[in-house]
Every structure is written in C-alpha cells, then in structure tokens.
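Listed in TrEMBL:
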- B:Cys212, B:Cys278, B:Cys279: Zn(2+) binding site (BINDING)
- B:294-309: compositional bias 'Basic and acidic residues' (COMPBIAS)
- B:3-293: domain 'Hcy-binding' (DOMAIN)
- B:294-337: region 'Disordered' (REGION)
Amino acid sequence: MADEDDIILSELDDEELVQQMHDDLYDGLKEEIEEAVNILVERGWTPYDILTKALVAGMTVVGNDFRDGILFVPEVLLAANAMKGGMAILKPMLVETGAPRMGKMVIGTVKGDIHDIGKNLVAMMMEGAGFEVVDIGINNPVENYLEALEREEADILGMSALLTTTMPYMKVVIDTMKEKGIRDNYLVLVGGAPLNEEFGKAIGADAYCRDAAISVEIAKDMIARKHNQMGA
Amino acid sequence: MTNTLTRLLQTRDWLLADGATGTNLFNMGLSSGEPPELWNVDHPDRIAKLYSFAVDAGSDLFLTNSFGGNASRLKLHNAQGRVRELNRVAAEIGREVADKAGRPVAVCGSVGPTGDIFAPMGTLTHELAVEMFHEQAEGLKEGGADVLWVETISAPEEFKAAAEAAKLAGMDWCGTMSFDTAGRTMMGVTSAQLASLVEKLPNPPLAFGANCGVGAADLMRTIMGFVSSGTERPIIAKGNAGIPKYHDGHIHYDGTPALMGDYACLARDAGATIIGGCCGTMPEHLKAMHEALSTRERGPRPTLEDVTEKLGAFSSNTDGTGDDPGPSRERRGRRRG
C-alpha cells in the first residue's frame, strides 16, 4: 500500500534503520540498502560495523530461512544482489580502514563435471555474505585449483560436483594438496547433490555443504575460528 | 495425425517410460565431463543400445539422448553450432529403434534445462530461452521424435519458455520438473503450483509430472500433490532408483529392482499414468517395474504412511502443499504485502 512505502530511511534512528535494512535485505531491495549504507556512513559508522551488524546479520536471517525451506533460490538471489549493492559502497572503505577481510574463496566444479548451477549459487551467496569469490568455472583439473589458490592468496577452496562419477575427483585434489604440504593452509568445502557428510569426511574435506546457505554459514564459522586461533 | 504417445495414452491406463540415461552411458564408457550428446554422432551404436535397453525391458516410450542438447549447455564444449545436428541424430536413432520394436513405442525428444538463471539475477531472458529450446525442438522433430519431453526443470519461466518452443515447432509435448528442495523445485515451485501452471499455458502438455529429485519416496509425495490438485491431465512419475551412496571409492544407488517395482505400482495406485525411472534406473530395474505393473492388481490409493513404509522416509517434513504450508517467518512487512 502507498502509505507503507513512506518509510524515510534517514529519519529512522540507528537501531530502527538496521532493523529496516535486515527487512530490506530479506525483500531484496537493492536501492534501499544502498541508501541506508550511505546514511550509516554519514552517521560515522565504521565500514566494518555496517558490514557485520547491518548487512551480514541481515543475510544470516535470509540464509537461515533458505536452510529451513521458507525462502527459495529466487528470493535468496535477490537478497544477495541487494547485499552486493551495499558491499560495492563499502569495499573501498573497508580496504582503506584495514578492516578484517571476510575471506576469499576459490570455487569451481571438478574435472569431468560441467554442472555449474549449484556452484554459481554458492558463489553468489558467498559474495552476498561479504566474501570475495574467484570463480574458476567448470571442469577443473587439480592444477587449476592449486594455481588459483596461490595466485589469489585465497582462504577457502570450494569444490562442486553433481555427478557420482566426478565426486571422487575431489579426493584427488585434497590428496595433492596434502602431498604438497599446503592442505592446512586452506579451508576445503565440498558440495553437490550426490554428496553427503560421510563422503566429505572420507575424502578429508573440512566440511560438506548441503546447500548454498549452509556453505556461507560454515565458511563464516570456520573463518571466525581461524581468526581466533591466529589472535590467540 | 496424432502421435504414438497420444494414441498410447488413449488406449492404456499405464505406460512404462524409460530409466537412466547418464548412469547407463557411464557404464558403456562415457567419461565424465564428456557431453553425452556427442555420442549420437560418434557412437550411434551405443545410443541405439541405450534405447534398446528400455524397449527390451518393456518400456512404451523412451527419451532421446539430447538432455543437454541446447546451445547454452553445448557451448561449454564449444559445440553450440551443432544443436540441430546432435538433436536430429538423437531422434533418428530413436526412430529406428522404436520402429523395429514390433509394438508402438514413442520416441520422446528430451529437452533439459539451459542451466542458466533468469534475469535480473542471471543472464537468461524469455526470448533467449525460447530461441534455444526452439532450435533444439526443430532438430528433434526433424529426426522423427513423436513428442518433446521437457524435463528436470526448476524455474517456472523456463517451463513456459519450453512450452512456447514446442508450439513454435508445432509439436505436442510433456513436461516434468525436479522437486529436490524440501519437496519443491530449487526455485521454490510446489507440486500444486506446477499443476496450476500447466493449465494456464496456451498449449498445455499431454502429460506433466516429476522426475529426478531426491528418492522414490519424495517423488511419490509430489505425485500425490498433483493428484490432490484435482488435475485430470495424465501424470508422469520418473523417480531416481534410490539415493546414491559412496562405498570404498565407488558409488551406487541404493534402490533395488524390487523397490522400484513397488514404487511403480504405488505411483500407478496414486494416480500416475506414465511411470519410469531416472538416475540409477538400470534395465533390471525397468524389467522389475514392467513385471510389477503387468502382474499386480491395482491397489487402493496409497497414503503418505504407505509410501514411507514401502519406500523410506521423506527428505523434509512438508512439501509446501495442503493444510500445512510449512514454516514461515513473521514479517514486519512494511514495504511489501
């Protein structure tokens, strides 16, 4: 209804504004998110606080509802798009202020696998949650992954496979990383329809991610733990 | 002239469809990453054998080896210029096998998703999708396919685009979606929503339904959702042979031929007319399904409890239909109703 559109973001106090941003992320309203980010910047919020308290916190709600079957892919993609709008404003400021990075992920489907829609969804949602994502596409041999991880100074490796015939290749990649002594430098997340937790463990991944929302949750959790360890 | 599938639907109260394409081709030596559609030209003997698996097991129809035969998918292999040829040959081989069967067998031209996401989030538009599907449809038609068979779709926009392509090609069609996310498609479509969507199309399909997804039990719940929507259109059930399991470095589907036989009869009793398998469904499964459908009496309409008892548990508590629409979130809802 018309009168319901009459929210003036700049008239809301900080707490209400952040609440409204969570709602607007949920509804995938990109322009409103961009406007609100700019307002918080003007009010002197640090870019890192805007990122974590307003955007990432809002996307967590979206992720939880996706996991619980309340939201589906189209809504989540719109939310991620709105988040990206806010991120584009914050990114240069985050670099300038030396704020802690969320983390960088290299992602691609494994050699022999050309099914990329799941991988694309994870990439979009990871970006939506504030991670940097380097998408190396489909059909990647082990060398592609290793080269990209080194070049990008990534924190996370994401591998995807839709076929039962290609999922064992994930083990080849992890085994090669072990041989080269670099396995523990990265979080290794695996996903794809035929996989399960047992398989993830069996091949030595850090986690199996059932869907894109869970990938984000696991990545956030594990990166936070890694930062804590480094600080300790 | 009506097509073979229409005639079969007029004279029979159940039809056996085919089983897996990918799983069977991998067993014949297809290496992963290689697009199966290239085999239509490179190994036509193996594709003829694939089709014969279904015909010999008693199938009344089979799908052509053209699932990924649209320009967007073939582009991944730099074969986007071969859409027409690869689809035509897929259907030609099928025509030959079907015409030698000694009984009416329908050649159904498989049309899978483009793999692209629709705008604004993705790059796909309605026009682009129609154009790609139409190009594929013309190839299948030229090769002699009886109908188009649109499958494993998750976005309603893509389903509509495929319907329009069938119209442009002047072909009858069937369409199924894959319900793999808490009883809905990846894009959130429920069984009830698909049942309603097909009736709104200017050229509704001869039959519609579900394929792939999670396991046989989930697929049955989806079929029952179509039935309770009150549809009078023939329903298609093409479920996977169980769920893939990883054992000592190799993978197998846990659905036995006996289980798939039970599933076939449950699907028929629930109201499905065209019954087949999807991933993991090998010739021995199809034979068991044919045997079960031919020899077992129709039973009462199964309940959800009957399904879980015979086929195992569902992957989610609800599927977004019926009195329990599933979980929801209380919204402040100030911007949107």
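If you go along the chain as it appears here, the first residue is 1 and each next one adds 1.
The backbone N, Cα and C atoms fix where each Cβ goes, glycine too.
Caution: TrEMBL annotation is automatic and unverified by curators.
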Residues satisfying Cβ distance under 8 Å from B:Cys279 (Zn(2+) binding site), sequence separation of at least 6: B:Ala20, B:Gly22, B:Thr23, B:Cys212, B:Asn240, B:Ala241, B:Pro244, B:Tyr253
The compositional bias 'Basic and acidic residues' (B:294-309) - residue tally per DSSP class, helix then strand then coil: 8 helix, 0 strand, 8 coil
List of residues, in chain order, with Cβ under 8 A from that of B:Cys278 (Zn(2+) binding site) and at least 6 apart: B:Gly19, B:Ala20, B:Asn211, B:Cys212, B:Gly213, B:Lys238, B:Gly239, B:Asn240, B:Ala241
Packing count at B:Cys212 (Zn(2+) binding site) (other Cβ atoms within 10 Å of its Cβ): 20
Coarse DSSP state, helix versus strand versus coil, of B:Cys278 (Zn(2+) binding site): coil
Env. residues of Zn(2+) site, Cβ within 8 Å of mean position of B:Cys212, B:Cys278, B:Cys279 Cβ: B:Ala20, B:Thr152, B:Ser178, B:Asn211, B:Gly213, B:Lys238, B:Gly239, B:Asn240, B:Gly277, B:Gly280, B:Thr281
